[in-house]
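> The structure follows.
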């Protein structure tokens, strides 16, 4: 199989053995930008997925580069918790001029941690889930790039593991902004009370999770990383005097980060 093109928002497509036909496109209200879920880029989608004409992997790498601009740190190496944040970690390392080094390897023989009946067992499960490549970071200052910190439970035992294995400093950099609000569009985000960004511990998050520092990517930084390539393509299309971009006005749903929902909520 090969990539053909995306199905447009509101488009009804008929695929037959002979061809691909657009049956209809439900029109968007005039002046209403699209609201594609920004967390598809951050976490949900496979890195080889293509949305809005760009590969998710490339967007995640740009998020890492933007994070390096916003939150550099004096350190010896950059790494990640395998493996969803790897593209962001590579982008961060490249922008900072630091080496990207693996500090953890996944233990393939451990079951899923989220089905453990309580928090203590889940945290123990997280620690058993990874092997430590201590020769790679002993006595060094490590930056760990994560794609998101939702509850704050998973990262703590990992930081403890790295310190016990000889890391001199552990700095956490998060390649997305803090999630503060529930999603009413179909994504099962934990309740407001469970989100670490809404808890008192968030005001001293580094101390709470045992890190030397923690910095999240800004909302503006995430949006610019996602939209940079789309804008460049639209400008290129306009300069070539071709038809107006099929994407229309650029827009993304960032409700879980800001509380501004793309549609009015009815209760």
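Positions of Cβ are set from backbone N, Cα and C atoms, glycine also.
When I checked TrEMBL for this same protein, it listed these features:
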- 124-174: domain 'Phosphoribosyltransferase' (DOMAIN)
> Provide the three-state DSSP residue tally for the domain 'Phosphoribosyltransferase' (124-174): helix first, then strand, then coil.
19 helix, 15 strand, 17 coil
> If I take every residue in the domain 'Phosphoribosyltransferase' (124-174) and average their pLDDT values, what number comes out?
92
